[in-house]
Amino acid sequence: MLWNLNKALFTVNEIVITTFIAFFIWSQNSDLRLILIFSLAFFASVPIGSLLAGLIIGNISSKMSVILANIFQIVQLMLVVWLSKNLQLADILIIGAVGGLAEGLRNTSIMTIDVDKRVGNNIRYFSEDTFFSSIAKLIVPLTAGYIVTRLSSGYIALFYANIFVAILSITLTTFSKIPHLPSKYELKAIFTIPGTNPDKPALVKGTLLEGLTESISITILPIILLSFVGTVFNWSILNTALLLLMVLMSFIFKELLSSIGSKVAYNLTALFFAAASIFLVAQYNFIVIAVFLIAKSLMDLVKSVSYDSSVQEIIEEDRVQYKLHPEYQFLTDTFTSIGRILPIILLLLLNVQPDNSLVMRFLFLWIGIMPLITISVLGKTAIFTQEKEEEIKSIRNDDIPTLSGNPAGS
C-alpha cells in the first residue's frame, strides 16, 4: 500500500519537473530555445541516472535508489527557486540535467521493484498503473495551475510544495518493505545484440522510434497549447478534460482487453491518430487541435498499456532477463533518450518558435505518424505473432528467481 502511494507521488513529481518547470522557463522570456535546451539536458542525463540506479540496486538496495532519486528532485527544485530571478543558460542546463538524473533513477527503481507484479501479467499491470497515474495526473495539473495563477508567489509556491512531496516520498520509501536481490551489473551482456534475446534489435529500434515521438510531445506540445489557451490555468482545465477521457478509457481497457486485444487496439488507435494529425496539417486552428488532442489522449492511453507491456514482453523473451532488469531499463532509456534528443537538436539549429505555423503543422504530423512506424518495427517481434505465444510463455514460466524469491511464472 505504501509503495503504491509512493508511485502516485512519483507521478506528481514527474509532472512538475517536466511540464511546470518548462512553463516557468517560458514565462521568463517566451523563448522556445530555452525550453529545448532544458529538455536536451534532461533527456541526455536520464540514461546516466538509469545506469546509476542499476549500480545502486545491485550493490546497495532498491530503496536507496528511490531515496537518491528524490534527493536529486529536491536539489533540482531548490536550484530553480534560488536561481529564479535571473535564470541563465548554464543554470537551465544544470536544472535539466539534475532533473534527468532523478527521472532515470526513479524509472529504473520502479521497473525493478515491480518485477514480480509485472512478469507474465504485463497488460493488467500497465492498465492498472495507467488508471492510478491518470487519477494523480487529473488532480495535479489543475491544482498546480491554480497555485501558479492565483497565488502571488506562483511557481515558487508550487516548487516548494513539490519539495514537500519529495520529502514525503523519502519518508514513505524508508518505511516501505522493498525486496532486494543483490546482483552484478552486466553492461556487456545487455549491449550484446541480439545476445540471449532474438528480438533485442527490434526492442532497440522500437524504443528509438518512441523517443522520436515523445521528444515533440513532451517538449513542444505543452508550450503550443499554452500559447493557444493563454494561461496556465486554462491549460490545466484543458489537460484535465483530456485526462478525464483517459481515466474512463483506462477503466475500459483494464476490464476488457486481453493481451492480443491490446495489440489490435494499438494498431487501430495509431491509424486514427495518424488520420487526425493529417487533418490538422490541412486545418491549423484550435478546434482541429482539440480533435487532435482527443485522438492523442486515446493514443497515449493505448500506448501506456500496449507499448509499455510490449516492451516488457520482448524483454521477457530473454531467458536470463530476471537478472538483467536494471540493465534492460538502461538500454531502453539510452535509445529512447537518443530518439528524444535528435529532434531537439534539429529544432535548435532551425531556431523554431511556436508562431511558425508551417513548422508546427509538420511537428503535429510527426507526432501522428511515428506510432505507425514504431508498430511496424515491433510488429515483427514474436509477441505480435500468435503462433509463437506458447513458446514465449514457456520462457516466462521457467523456474527462475525474482526479487521476491518466487518463480517468475508463479
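Numbering starts at 1 and runs along the chain as displayed.
Just so it is clear, glycine is given a Cβ too, placed from its N, Cα and C backbone atoms.
Feature list (source: TrEMBL):
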TRANSMEM  7-26  transmembrane segment
TRANSMEM  32-57  transmembrane segment
TRANSMEM  64-83  transmembrane segment
TRANSMEM  155-175  transmembrane segment
TRANSMEM  208-229  transmembrane segment
TRANSMEM  235-253  transmembrane segment
TRANSMEM  265-295  transmembrane segment
TRANSMEM  328-350  transmembrane segment
TRANSMEM  362-384  transmembrane segment
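Counting same-chain residues at least six beyond the ends of the transmembrane segment (208-229), those with a Cβ under 8 angstroms from any Cβ of the stretch are 18-19, 22-23, 26, 32, 35-36, 39, 43, 235, 238, 286, 289, 293, 296, 307, 335-344, 347, 354-355, 360, 363, 366-367, 370-371, 373-374, 377. Contact counts against the transmembrane segment (7-26), taken as Cβ pairs under 8 Å, peak for 155-175 among the stretches 64-83, 155-175, 328-350. Recorded stretches compared: 64-83, 155-175, 328-350; the one with the most Cβ pairs under 8 Å to the transmembrane segment (32-57) is 328-350. Within its own chain, the transmembrane segment (328-350) has Cβ neighbours under 8 Å at 32-33, 36-37, 39-40, 43-44, 46-47, 50-51, 53-54, 104, 107-108, 111-112, 187, 190-191, 203-204, 207-216, 218-220, 311, 315, 318, 321, 359, 366, counting only residues six or more beyond its boundaries.
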